[in-house]
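Swiss-Prot annotations:
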- GLY68, PRO69, GLU70, SER71, SER72, GLY73, LYS74, THR75: ATP binding site (BINDING)
Amino acid sequence: MANIDINKLKAIENAMGQIEKQFGKGSVMKLGENSVLNIDAISTGCLDLDIALGIGGVPKGRIVEIYGPESSGKTTIALHIAAEAQKKGGAVGFIDAEHALDPSYARNLGVDTENLIVSQPDTGEQGLEIAEALVRSGAIDVIIVDSVAALVPKAEIEGEMGDSHIGLQARLMSQALRKLAGTISKTNCIAIFINQLREKVGVMFGSPETTTGGRALKFYASVRLDVRRIDSIKQGDGIVGNRTRIKVTKNKVAPPFKQAEFDIMYNEGISRQGNIVDVGVKEEIVQKSGAWFSYGDIRLGQGRENAKQYLKENPEVALDIENQIREKHNLPLMDAVIKETAQEVNGKENKEQSDK
């Protein structure tokens, strides 16, 4: 590249000096001088999704939108991210606009509910003001808004049932995101907006599905995750979980349109062992011969459920396989065996009490 004229360089330096004097250090910089541009991430608690996102999780200092049909696992994924943030010593805020947060389920996923900051706002304006105040404090690592559809504007709540409020929620979201975007970036906080799907009337071609709250969130979000339940997981006659597929429909920090598939088990969340088996087979680290799964000389079991059970009972083998997968994708390695989930601990405690 040709060198810039020395007089131009001096003029730029003077202008940058004046800007920094007026607006503070770091308000303007040369991209090459900024060492902070390496994007940090917080894991989603799902190995396949971390790989699909390209940076090992959801990016810090960015807005993330998780959307999909009802009961597809949107809140579960958000709570897993909250649990991972808390494991790293981070603080998490949860704006429960739907008034539907289940603390015992959150505990089962590994969330420290004692230190989870929860707000159940009366209006959309109140919820977004609380979110902004928490982000502005600089002490919050993850803020979750569940959900955009439940952020009802004050005028709609105070009005009559049949009143028309066209575009009111879209304007509210647009204004809130304009205020939030800069603060989120400066404080390195992750803002996760959970959103619902609606159908556009009279669409002949293309998908009729759209998300609530206007277009602003689509523009401001660095990552958008489309969550779908694709199958039920059966054990005997009962259904014990869902098979879930996530498509990364927008990604500003890595290549988009990658997909992840995993199990969400009822009362347990994302199955870490199932994920390790699936990704291990895909990466040819775990060998599948007929119905048998094996890792090197170790036979994991006949059938996927038995292989999952073996990894649950032998966490050091699961850790070894996971770290090999992480190494292959340049993701940070796990340095210790994952602690037992709250559900497993509760199960053991109940068993001990019944034995007594």
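Cβ coordinates come from backbone N, Cα and C, glycine included.
Feature map: Swiss-Prot annotations on the structure.
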| residue | record | Cβ contacts under 8 Å, 6 or more apart |
| --- | --- | --- |
| GLY68 | ATP binding site | LYS74, LEU197, ASP226, VAL227, ARG228 |
| PRO69 | ATP binding site | LEU197, ARG228, ARG229 |
| GLU70 | ATP binding site | GLN196 |
| SER71 | ATP binding site | ARG229 |
| SER72 | ATP binding site | VAL227, ARG228, ARG229, ASN242, THR244 |
| GLY73 | ATP binding site | VAL227, ARG229, ASN242, THR244, ILE264 |
| THR75 | ATP binding site | LEU101, ASP146, ILE194 |
At a 10 Å cut-off from the C-beta of LYS74 (ATP binding site), count the other C-beta atoms across all protein chains.
24
Residues near the ATP site, GLY68, PRO69, GLU70, SER71, SER72, GLY73, LYS74, THR75 excluded, by Cβ within 8 Å of the Cβ center?
VAL227, ARG229
Check the DSSP secondary structure of SER71 (ATP binding site), expressed as helix, strand or coil.
coil
